[in-house]
Every structure is written in structure tokens, then in C-alpha cells.
Amino acid sequence: MKPEIEQELSHTLLTELLAYQFASPVRWIETQDVFLKQHNTERIIEIGPSPTLAGMANRTIKAKYESYDAALSLQRQVLCYSKDAKEIYYKPDPADLAPKETPKQEESTPSAPAAATPTPAAAAAPTPAPAPASAGPVESIPDEPVKANLLIHVLVAQKLKKPLDAVPMTKAIKDLVNGKSTVQNEILGDLGKEFGSTPEKPEDTPLEELAEQFQDSFSGQLGKTSTSLIGRLMSSKMPGGFSITTARKYLESRFGLGAGRQDSVLLMALTNEPANRLGSEADAKTFFDGIAQKYASSAGISLSSGAGSGAGAANSGGAVVDSAALDALTAENKKLAKQQLEVLARYLQSRLKQGSLKSFIKEKEASAVLQKELDLWEAEHGEFYAKGIQPTFSALKSRTYDSYWNWARQDVLSMYFDIIFGKLTSVDRETINQCIQIMNRANPTLIKFMQYHIDHCPEYKGETYKLAKRLGQQLIDNCKQVLTEDPVYKDVSRITGPKTKVSAKGNIEYEETQKDSVRKFEQYVYEMAQGGAMTKVSQPTIQEDLARVYKAISKQASKDSKLELQRVYEDLLKVVESSKEIETEQLTKDILQAATVPTTPTEEVDDPCTPSSDDEIASLPDKTSIIQPVSSTIPSQTIPFLHIQKKTKDGWEYNKKLSSLYLDGLESAAINGLTFKDKYVLVTGAGAGSIGAEILQGLISGGAKVIVTTSRFSKKVTEYYQNMYARYGAAGSTLIVVPFNQGSKQDVDALVQYIYDEPKKGGLGWDLDAIIPFAAIPENGNGLDNIDSKSEFAHRIMLTNLLRLLGAVKSKKPTDTRPAQCILPLSPNHGTFGFDGLYSESKISLETLFNRWYSEDWGSKLTVCGAVIGWTRGTGLMSANNIIAEGIEKLGVRTFSQKEMAFNILGLLTPEIVQLCQEEPVMADLNGGLQFIDNLKDFTSKLRTDLLETADIRRAVSIESAIEQKVVNGDNVDANYSKVMVEPRANMKFDFPTLKSYDEIKQIAPELEGMLDLENVVVVTGFAEVGPWGNSRTRWEMEAYGEFSLEGAIEMAWIMGFIKYHNGNLQGKPYSGWVDAKTQTPIDEKDIKSKYEEEILEHSGIRLIEPELFNGYDPKKKQMIQEIVVQHDLEPFECSKETAEQYKHEHGEKCEIFEIEESGEYTVRILKGATLYVPKALRFDRLVAGQIPTGWDARTYGIPEDTISQVDPITLYVLVATVEALLSAGITDPYEFYKYVHVSEVGNCSGSGMGGVSALRGMFKDRYADKPVQNDILQESFINTMSAWVNMLLLSSSGPIKTPVGACATAVESVDIGIETILSGKAKVVLVGGYDDFQEEGSYEFANMNATSNSIEEFKHGRTPKEMSRPTTTTRNGFMEAQGSGIQVIMTADLALKMGVPIHAVLAMTATATDKIGRSVPAPGKGILTTAREHHGNLKYPSPLLNIKYRKRQLNKRLEQIKSWEETELSYLQEEAELAKEEFGDEFSMHEFLKERTEEVYRESKRQVSDAKKQWGNSFYKSDPRIAPLRGALAAFNLTIDDIGVASFHGTSTVANDKNESATINNMMKHLGRSEGNPVFGVFQKYLTGHPKGAAGAWMLNGAIQILESGLVPGNRNADNVDKLLEQYEYVLYPSRSIQTDGIKAVSVTSFGFGQKGAQAVVVHPDYLFAVLDRSTYEEYATKVSARNKKTYRYMHNAITRNTMFVAKDKAPYSDELEQPVYLDPLARVEENKKKLVFSDKTIQSNQSYVGEVAQKTAKALSTLNKSSKGVGVDVELLSAINIDNETFIERNFTGNEVEYCLNTAHPQASFTGTWSAKEAVFKALGVESKGAGASLIDIEITRDVNGAPKVILHGEAKKAAAKAGVKNVNISISHDDFQATAVALSEF
């Protein structure tokens, strides 16, 4: 056959085949069955560009033939030509053919260490191992120029940022870009530059065909685009020196590739670009090895890296070089180089090595000396000592706490709500203690605060409110009494004792139990005075002494004198027995009996723990006169447990007089309290659980100013002291906490200097009154033979440096008239216990100070009071002995709790003891009689041994019994008695707001019903955010509770990518649940919190900047560039011709370029004098920011990859926040909006301060650096682009789009614009909110303005990242930047009710304001005060418009007028119809005319009602100078300025803002007459989140909504000490902890932005909106919301488990043909079609869309009535006009049948209203005389026939009147909608 005939036949065959293909159905399934089943084909090959049919064949085999093939032992192979060429042609991999070395060769070859191959940055696919190198020349491969196919494929894939195999050549560019026109334009532009010209419509042509079209004219050379991209790849990702020429030479020498194939390899490298610059040339070669292998695979060639021929090639594993020969070869070169170096040195007159050698020797000698000294020091002092003495003191880290005035109000409020919520039901000791602390902080502001809350306590709500009112009033009265008194330390705690038990299972259990015999400290003092059996001493009586004297004298006396002596002796005895002044044992007993009668503990009846004794609070301020002091009850010959000793020649001995002084002081302190006002005290050793901590509590509760030291300075420690001060700090008290190591001499000196230095020098300027140095460390286990480094260090702390401390204070004391009292911590342990190192020696040595006080010169500046501290349970030193304390007390001595010992020591600070200390040193024995126990060590050892022995026996018996029971009764015998822990399961609810019952709603605001126009009320129906704490739910958990719940932890773990949901086979078994994202191992949901919480907290919130989140930005190495001038010619480098010419263009004569002939590349040499920009790095001091949680990924939510790669990161935050906000509104499909509103009525008013900063960075910085940047980067930088993406991917609306830019106030400004957009009628649904990102550029510029927190300084001050944002505190120092987005869905209340979406809050008011003239853009201003603008003048009475009853009366009058107008208009329609008939002639349709006109009348009536409600409800206050916008907005909901419960502050933590904002809110409240004593809660969210700029107001608004929903007010947990300057703002409370209230009615949100932007929004609880509704409307709404909640709940769970929360729309809800018709019909609505909401032809310009059902029914009735001219009645009633809850009204006007019918309808309110309207219409149709407006209409009954049609039945008077008027029958028509009911009646005569 001739070729031309063959070609013609082939053409015909192809045409026919194609025709058949297009015209016939595809029967591929049948075809597969033929070759798979009939022919049992085992090898199937697809010839085509991609494995399309092969994939289908694989699926078919798996689904249908798997078992079939197994039965027949068929092993099928499905291949595709495009990817399986080697398998098809049976070509082995070249690597498999590489020669393998034999073991013998390996042994004979000298082994060398294997060099670790550096791994290059990850490319798109795994890099295959290169073929082993060969010594011979590589076999060259026939060259082939680049094909257009590959070039186009690479250029498109590179632009799409996808690997080649992800870009099918069968698709057109238009399909590949997925609708992104800018990317499409970029690709076409690149192709144009590459090929010179493009065919027509290349975007619609598949890449295969496009390549064929280009191939005809393609030269095979790389063009401009590809050359530029390759050049950029080499310069940005290859190591220095590895140029294009190097790469080409390597490819040629390594694989024998020619220039064309080299081009192809370089092209393929573009789609496998490394993530980072490769580190070395070896890495680069490895990279190109992999690319070359890929190219070879795609090109169908084999690569070999060794010689293709030659006998030696196969066996050559690499040449072996003789090392000796190599050394000889290089020796001469090294020698020459050395000689040259020496010549140069001589020329420079510099001797090599001499200087460095001398210095080296000196350094070595010095180093040896130093090392010797260090070794000696280490050997002598030990490692522990060396580390222990390191100084830690820093004045910068000091914490000052003095804001008692704020904590007092916080505590009062907490107590108030504790009573209300039943947490506090009786007055116990703790409550009394709280009351004392509150009284200690009483001031006029606090009293007003308490009085307001007690006066407004709603007792009708229950018993707890009554209790709160009663107790609260008592506390107020107490506070008034002590207002002028000094604060006192008064401990009312229960006295406890030790109790040790051994359980049946052998467990030793210790607890502190209340003592029944001693209930309060007054009785405790009495007990201490009595002493015990062990403290009794046998002392001779006076009589016995006289007898001994008499006997001694009488022996030496004469008989006469003996008689005289006997008479004198007898007289003396009589005097002793009769004298009341001489103490005897009997007299002591008598006194004791008298004293114990009224105070016997068993007879005490006024124990404040009893519930009935709440009057204990009332008696707290009373001062008790002590008639009989406790000292008078000290028994004879008994030493009290607590006593004072006096120094005698025999040592220290008990002194009764001094002890009485001390005990009486203790008694007074217990009964009346002890004040420390104006006392300055230093306390060391006051850690948690120590005696010092209890002493510290007492000092600050008594009003002292205390500086306390801590050796373990941390956030946890400072929080401990802050909490202590917040609870116990009294008026005038101050607590200062500093880090301090008492083992460091430097710290001792620095501490004292800090205390005494003047404030201007950075000190306190104090003069100490007392020093309580209790610092110590335990030395347990150190005996005489083990006095180690720790013992020596402990000795230094407890003795050496304690003395230094006293000495330093002495040297700083300014005068001799104010000595500081030092309470020395002595111990009875003088080696008694043993094995405690140098503890005893340290304590004994302190006693030398009693003598030195006399012998040295510091007695006038320091006084000494030794306190021998007894056995104190629970301290760090003694806690191990707790279990034997009970046994010790049974010996007749006393052990003490920490509170008791602190009380004892504080008793040494009474004025009497202080005075005594100034006269002489005082020794206070607080040992509890322990010193009277001989062999204490033996007793303690025996007690411990007995306990352990008992425990062992019981344990053994328990185990034996258990074994016996199991043998007898089986292993499960204990099952019923075993303790089972019920572990909680996660329950992720995604709840909507809880709806109250209608009756509860009506109680809130009964007058509100029907008062507001709901189309002019804007509500928040959805809200969400993306921020440092995840989303709004997880942020609220952290803000409100300070920790994540189990559900919150799961959600955060999911957000951060720690876990994912798995549903399918796992490890060979079906599994449905959470798995660890890294290991793919299952994890139980209850374990998620414990496993991931630490990591979650570490990588969320405010934290150190994580470079991986910000493209590698590390503030510690912030990169900048600096211009330098080149001082000498630089080394040449290689680049492309285009780049070389650009260098030449820039540098001119200072740049040389030359072409490299081999490669066509150019070398460039920068010459002297050229200017270059050289990067440098500085240490930036803003290291901390609020960052999105690490691991946050838009893919987790379902956002497509192409969108992620296209948009700015902030757009992703906005998309996620938007979809979550919609879900929060119950909207699972945004197109649902269009069922209720037109596409033009959904708008977007969200905005940003900066917009896409990542895009801006790319546009300016990266583009300037010539880094790869997408060509459409500009569009992503626009602030409105984020809103555009929301519309393009989710909404497809055509409504208003407004983009506010208000810096930090953007979000609230957005809400303001959104509300205006809705109220102006331009939209009914609007997305509002704000968003901003964090980037280094903004961070740097904020720092330049000194606006942000300096992290370096904060670290110096001991702050952790999470506490660096501290609004309102004394130490606040700049805001903390953050990033994220916040979105709210707002709409009209009317629409929200119709849709049944949740209403989270009502937006009662928004406003923005500028400030005054100035020159500072960021300066804070008070312009927003204008929301409280209101003229007062000398006006005395409020405007009546503020009275809702007045407004309601006016509204009702107006509604009556509208009703009358509507009825009149409807009755005139007949006349209008007659006139219209004449006008339109034959074309006139009576029915159509009446229908349209009726609808117009209805719409006009509705508009008038709306205007009336706006006038008297929504907008009555506007433009009224007497009513402030803020007051008016609240009054619209029947609220007052007192009802704003919370003010959410902008609170940036800057010095200026927090003061300015507090002043603004305070003045706002004051001007509007807020009640005194009623401050708003101040919420300062930014302590937790940082400041996200544009998103700030959105997050605050979300928090405000959550406050309304929960009633919980979150505290500012970083408010460790509120600034004293803020105390003046009495209308603001600054809580530091969350407070659960009984409900918040309204919340104010204020926001301030740079550029004179002030903004405020007020949200009101939705209950006040629901109060506007009637019962049926509310209950119908509740039903809708419940159904929507269930649907959303299901959707959210599916979204999280399937990662499908975000589902991008791919089509608008209308076809292209319907786009414009939809825009042009405002009544067009979507319908559900195949489970999708879409517009259709029938919904556009529909005849049914304008005229409503009511109008049609009414028109029909009117057209019927047109035949008669009399007996017509028309009545119109608003649904809200009929009160169906009024039983009297129903009984008087409706029959039983009517009531039953109406109540059983779907809408009872409408049914009753329609029936009433029908009665009125019938009455009018009868034409009889009215009996007045109040006449009953029960005689007119409206019934329904079998078809439901209304019928009229007349009874009684109505029937008589009808008969009299000649009416035979009355026809009635009723219709209603959700607004009104209309009835038309016609009488038949």
C-alpha cells in the first residue's frame, strides 16, 4: 500500500474512531470484563499521558477480581507508559547493574572512615542514590535539546508551586489555576517571554497540545523566563561558588550529559527546589544527582557514572593513592609557602610566634595558679557551699503590693456572691476572719460600695439573698465603727492539735484536728499560762523556809533567846497564813478556782462556728476590757508553756513578772487584736508552710510595712505573696518581695542598702522597727563525721550572715532613738535530736548576742529578743516528725501549729515587750515545756518505732486476710468494695445561649413588650476568633478559669496538630477515635489533657517569639543592611548574562563582566569604590508576643492547599474566624441567608489596621532582595482583600462592603459601621470584626515609639513572658503585640427571630470619636466621653421620655391611629377600584387591583408602626440634648446607667492609656449619675491575649458576649498590684480573679486606636430583647433555635473529626444566566434543589413574592363585599396588641370553644388576635350602637366549619341587636401574618 493511501486511510479511521468515541456511550466496564475475565489478561498497559484507565482498572481488579485472581493464581500488572517505561521495556535500573566489590577486594583495600553524606534540604521527592563514581571517563549520552513539552510543564508547575506529577498535561492552564486570574495571567506572561509569542487562547488549550504548537517554532534553547528562574535558583539555594557553570560541568563529567540535556535537568530542578540554601558543594552535587536520575527516568535514558567500555572499568572501584608519594609531592609547596611567610614577616619587622608564645606561656602559668586556687577553694568549701553563696538579690525584681483598697472591694463582692450561690451558708471562723480583714481595710469608698449592693439586694429572690442582706448590713455597721481605728492582727482560727492513726491496712495517717477544749486563741493563751504536768517545779513554801531558818538559829541561841525566837516564829507563821499579799500554794489554788469558773472551755456557748451565731459579726468591732488578766491565773510552782526568762548569775531563769507582761499582751492580742501600723519590718525565711509566712500574714493584717525575702524567686512564689497580701493586707500596709540569698554577703549588704537608700537612689527609704530573720535550710542526716559543704553553708545562713545582716542594719540606722527589735530564732535543740549538722551550734551561737548587746556599741540601734521556738508541726524542718507529735503531747508538753507559733512570736512585738527589749535583752521561751523531757531522743525514737511496728503488723494482717478471703470467696471478692474512679468523658457541646422560660423573661422587664421596632434592633448572632489561645471557646476557658477543661484541651490539641481523628483500620484493627498525629497511636480522650497540656501551654498565648511562625524571624538576630564602600577589587563570581548586565547597569565602571564561553554564563567582578549593602544583625529587645498557637494550620479546618499558597496568612485567620462565627450563628451553609434576604442585603464591614503585612513584606523587602515573590502579591496586601476572599469562598453576596481602618480601634469601628449599614436599610446581615498580623517590621517601629513592652527589661525585672502584659498595675510598661482575627455576625433582631438563629447579645449602642488638637498621633484622648454628653444646667426633673410607661402610652395612642387609618383605607378601596376601572377600562382586573392595593396599605401600615416604635422605643433619645446617647440606648431596653455591670477596657498595659481610659469611664459614669458605690467591673483581656491591634475590639466584644451568657466576670490575673493612681476612680473595680455574679445586664466595650480613634460599644443581654416579644413569638423562636442547635452540633462534630469545618463554595447560588436577574429582583430567594440552595427561574420576578397571603385573602373578601354598599366591617389588629396572658380579658371576650381552638393552633397569639379582629369587624358590620370600648364581645362567637372556614354565631345582646337591625347572617374573612391580623365582615339583610 502506498504511503499516501495509508495516510488517507489512517485519517479516515481516526475520524471514524473519534466519531464513534464521541457519539457512542463509553462501555469501559464491559470492556474491562472482557479482557480481565474472558481473556484473563495479566499485563495491562495504558498508552497515554497519565494513568487514567490504569487507575480505573486497578480499582476494578480490587473490587471485583481480587478473590477471582487468588483462586486462579493470577498476578496482574497494570502499567502506564508515562511512568512505567522501564517495566514495560524490561529495562533494569542502572544502579542494579553497578559492579559490586567482592569481599576480597574490600579486605585488600585500606579502609577509610566513611564520610557522612550531608543531607540537602528536602526536595519535592526523595532523591535516589547516585551511581557509584568511577575512575574512568563517563560514557557520553547523545544530546537532545530541551523540548517545549518539558519547558511548558516546568514553567506551569513552578508557578503553581506543585511537583510535575501533580500537574497533568491533559489539562488547560485555565483549569489548573482554579479560577485565579492573576496566576493565569502570570503563566501566560511567562510563556510569552519564554517563547516570544503565544497562540490564540492558550489558556483554554491542554498543555500537551500547547506544547505541540510551540514545538514547531521552538529553538530548543532556554528563554528569558527559564534562564532567570534557573539563575535565581542557583544564587538563592546553592552553596557559594556552586554556579551554573559548575553545575553544567558536573552534569557533563558525572553523567555525560550534553548542553541540551543539562538544560532539561536544570529545568526539572526548578520544581524540586530545596527549602533552604544547601550547605556545601557535596550537598549540591547530591541534589543534582537526584534531579538527573528523575530526568533520565522521564526521558527514557540510562545514566552511568563510570566508563562505558574498557576492561579495567568494571573492576575499578577508585584509584588508590600512595600517601607517602602524596606527602613528597606536597612537601615542596608547603616549604615554599612557609619561606614566603617568613620573608613577609621580616619585611614587616615582625617576629613570628614570639609574641604569641610569650603570652601563651604567661596565660598558661596564670591559669595554673588560678586553677590551683580554685581547687583549694573547692576542696575546703565544697561544691554546695560554692553554689550556695552566689548572690541573687536584684532591686529590679522587687515586687511591691499595696493596693489593699482594690482587694477589699473584690473580697466583699466575692463573699456577697458566695452567700447568694449557697457556698457560704453560715458564719464560721473563716467568714469571721474574712470580715476582720475587710474591716481592717475599711474606708468610705468601701462602705459606699457595700451599702449599694446591700440596698439593692433583691430579697424576693430567695433565702440566700436575705442572708446576704442581713450579714452584709452587719459588716457595713462594723466597718463604720472601725473607720477611724487602726488595723489589727486578730486570729480567730480554730486551734488544732496533732492526730495520728494507723489504718486497718497499715497506713499511717496524720491530720490536724480541732481541739474541743481550746476553741479560740483567748482560750489558747489561758492554756499556755496553765502549763502542764511536765512544767511544774517543786519549790519550798515560805513556811518551810522559815522553819529551816528557825532551826539553824535556835541551835546557836540561848534558852531565853530560844523562847523569844519561838514566839517570833509563831507570829510570822500567823502573818503568812493571814496575809493576802504573800502568795501561798493554797491562795494560788483559790485564785485558780475563781478564775476558771467563768472561762471553763466546756461551758463556752458562744462558739462562732454554730450557724445561729451570725451575730458574731456584729460584735467584732467591740473592744473588750479584760477585768482579770490571764497572768493572774498562773498556777503556783508551775512554769507556763510560754514565758519570759531573765538572766541571772546561774543563767536564764523563768521570771513571773515578765512572763505575766507577755501573756497579758498575748491575751489582749487574742481578744482585741494587735496593731502594727507604721511599723517597718524585715522578714526572711517566710516560705509557704513556714512560721515566717504566718508571721507575715499577721504583720500585714495589722497594717505593717514589710519587706520579705525569698531564695526561690519565681512567678509561683510572687503569686503566693501577692495572694497573701490581697487577702490579708490591711489599710496602710505594704508588702515588698525581693530575691535574696542569706548565704551571700553581697546580698546581705545589697538588701540593707536597698531598704535604707532614698527612693531617688532606687531604695525604699525605710528605717526598720523589727527584724525577723528566720531563714534556714535543713541538715537532716549530717552527724559529727559528716559535717559537709551543706552544713557549712547552713551555718553561714543561720549564724554568720545573720550577724552580718544585723551589723549592716546597725551601720545604716540614722538615729539612736528608734532601735530595731531583732527576733532571734533560737532552738531548744542543743544536740538533742542529733544528726542535724551545725544546726544546734548555729542556734546556740546566736545567744552570744545577749552579752554583746552590753559589751558592744550597737545597743541603741538594735534590741535583742530571743525566741526559743518549740516543736512546730508542719514546717519544712519538722514535718517529718508530725506523726509522733501526738505522742509527745501525751507526755504533758505542748507542740504548736504554725499559726500558734506565729501568734506567740507576734506577741513579742507588743509595745510592752518592745519597751522591755529596749531596757535589756529578752529571752522568750516558746518551747511548750519540751525542755523538761529528759532523753527526748529516746522518747521520739520509741514513738516512731511503735508506730511503724503497729503499721507493719496491721499491714501484714490486712494482706493475710485479703489472701484468705480470695482463697475462700474467689479473686473478685473485693470488687464491690474497691474504690472505682469515675473519669470524665469529653462532651464538646458547642452550646447556644440558654433560653429562659417566657415567665422569667417577663419578670425582667414586663413593660418592654411591643416597645421596639425589631428591624431597627441589631443583634449579634455569631462570633468567633483566631488568636493566641486558639478560638473564642478556648480563650474564654483560659480567661475565665485559668485552665483548660478536658474539652478545651482536646480542641487545642486538635488545633495545634497534636492529635487527629481516625476512623478506619489502624494497626490491622478497626478504630474510631483520636490518635497522636506523629506516632499514629490511639489515645484516649481522657488522657489528652494530661499528655499535651504542658506543650499546649508552652506554645500558646503570650510567649517568646517562635521563628518558625514568622519565616525565620529571630529578634535576637534581627537582620538589617548597611551600605559600605568596597576598599579593593573583589573576587569574581558567576551569574547569568541578564543578571551580569544588571550589575553593570548599577555599578558602571566599578564592575567588570566577562562571558564564559563554555557555558554562556558571565563572571562579574565588583571593583574598588563600588557600594554594597551588607546584612548585619542586631539584638532586638522585643522578644515576646501573643502568637497564634504553634501548629495552627488552615488545612486542619479544610481550607484548600491552593488557597493557602495564594493568600496572606491573615486571610486564613479571617476565613477560619468567619466560618466559625457563622457556625456560632447556627449557619452551616451561608447560602441559607438568601432564603430570607436578597444577595444585596448581606454585607461585610470587617477591617484591619495594617492588612496583609506578610504580603507587604514580600512586596517591599523580598522584592527588593530579588527573592521569589508571587506576581499578584499586591492584591494580598490590600486591607479589603480579606473581605473579598470571604465573599469569593463563602458568601457570594452582592451587598455593601466597607473596610474600616482604625488602627487598634478597627473592630469596634467596624461594628459601628455595620450597625449604621443595617439601620440605613442597606443590609440586613453584616459581618463585622477586625484582624491584624504580627511581623518584625511593625514590632520594630512600635518599639521605636516606646509603645511596646521591652522584653529584655522585663526579664531583668524577673517577669516571665506570660506576665509581661500587666494592665492597670504599678509596673505596667508597654503593650504586648499579638496577632489574629475576630469576627461577629450581626443582623436585625427581626431576621434573627425569623431564621431562628441564636441571639448572643443586643448591640444597644456604638459610637466613635476623635480627640482634641495635638501633635501626637498615638496620644490617648477622651473624645469618646461624648457618648455621655448630656445637658444638666439647673434642670431639676428628668425628661419624661426616660419613663417607659410614658413612652408606652404615647406609642399605644399612635398605634390606635395607625389601626384606624388602615381600616379606613381598606374601606375606601372599593371607591378607588371604581375610579381605577374607569381609568384602565377593559384591561382592569378588580381582583388584581384590590390585591395590590391591599398589600400597599398593609406595607404602609407596617412602615407607620415601625416609625412609631422607632420614635417611642428605639430612637426616642436621639438629638435630645437632655439625654445622652449612652443613657438613651440603655433606656430603650428599660435599663439605666447603673445597669452597666462590666466595662471591657482597651487596657493596653501602657502607663498613659490605662489611666486615661479609667478616667474616661469614671467620668462617664459620674456625669450620667451612676449611683455611688456601684463601680463597673473592669475587664482587661489583653493581659492574656496581648494586643492584636485590629482584632482587639472583636476579641473584647466576644468576651463581653461570653460575660453576658455566663454571668462570670474574668479577672486580670496579671494585676499583682493595682496602681495607686487608679484609686481615685471610684466607679471602676479592678478584679484580679474571676467572679461569678448572678447576672450581667449590659457590658461596655471601649477601644482606642492610634490616630485619634476612640470607640465604644454597649451590648445588652438578649433577655431584654426577648422581653419585647409576646409569648407565642418567643416560644416559636425557641423551637427554631433548638432545632438549629442540634443541626449545628452535628455539623461541628463532623467538621472536627473530618477536618471539614471550612467548605469553600465553587459556585454562586445562581447560574451565569440568572446572575443579573437575581441582582435586579430584590425579592429573589433561593430554594432547595438536590440538597443545595440555589436560585431558579420561578423564584425571580415571581407573582407570589410581593403580595402576601393576608393581602390576597383580604382582597378576595373585599371583592366579594363590593356587591353591597352597607353592612361592611373591617378591622385590623397588631398581633402585639392582644395580651393573651391576661386571663380576665380572655374570659370576658372569648367563649370556651374559641379559647380551645386558639390554644391548639400553631400560633395562639395570631389566632386570638384574628378572632378578636373578626369580632370587632362583625360588630362594625352589624351597624349597632356601641356600649363603649370596654364592652364585652363574648356574645359574638367565631367558630370554624369542617373546612376550617370561620363562621359567626351571635348570642345574647348581639343576637338581639342583629335581629333588630334586620341582619340575617354575617359572613367573615380572617387573615394574618406575623405582624397583624385583618378581618372583613359582611352582613346579609
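Each residue, glycine too, has its Cβ placed from N, Cα and C.
Taken from Swiss-Prot, the feature Mg(2+) binding site applies to ASP1771, VAL1772, GLU1773, SER1871, HIS1872. Counting only residues at least six positions away in the same chain, the Cβ atoms of VAL1750, LEU1775, ALA1806, THR1809, GLY1810, SER1813, THR1878 sit under 8 Å from the Cβ of HIS1872 (Mg(2+) binding site).
According to Swiss-Prot, the compositional bias 'Basic and acidic residues' annotation covers 92-107.
Taken from Swiss-Prot, the feature compositional bias 'Low complexity' covers 108-126.
Sequence annotations record features per position, and here Swiss-Prot assigns domain 'Carrier' to 146-221 based on sequence analysis.
Positions annotated as O-(pantetheine 4'-phosphoryl)serine by Swiss-Prot: SER181. Around the Cβ of SER181 (O-(pantetheine 4'-phosphoryl)serine), the number of neighbouring Cβ atoms within 10 Å comes to 11.
Here Swiss-Prot flags 92-140 as region 'Disordered'.
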Reduced to three DSSP states, the domain 'Carrier' (146-221) has 47 helix, 2 strand, 27 coil
Taking the centre of the Cβ atoms of ASP1771, VAL1772, GLU1773, SER1871, HIS1872 as the Mg(2+) site, the remaining residues of that chain with Cβ inside 8 Å are VAL1750, THR1809, GLY1810, SER1813, ILE1870, GLN1876, ALA1877, THR1878, ALA1879
CB contacts under 8 angstroms to GLU1773 (Mg(2+) binding site), restricted to the same chain and 6+ apart in sequence, sorted by sequence, are LYS1459, THR1809, GLY1810, TRP1812, SER1813, GLU1816, GLN1876, ALA1877, THR1878
Taking only the CA atoms, the spacing between SER181 (O-(pantetheine 4'-phosphoryl)serine) and SER1871 (Mg(2+) binding site), expressed in whole angstrom, is 53
Looking only at the domain 'Carrier' (146-221), mean pLDDT returns 85
For VAL1772 (Mg(2+) binding site), the nonlocal same-chain Cβ neighbours (under 8 Å, six or more residues apart) come out as LYS1459, GLU1462, GLU1463, LEU1466, SER1501, SER1813, GLN1876, ALA1877, THR1878
Cβ-Cβ distance under 8 Å, sequence separation of 6 or more, same chain as SER1871 (Mg(2+) binding site); the residues meeting this, in order, are GLU1749, VAL1750, ALA1751, GLN1752, LYS1753, THR1754, GLY1810, ALA1877, THR1878, ALA1879
One finds that other Cβ atoms within 10 Å of the Cβ of ASP1771 (Mg(2+) binding site) number exactly 25
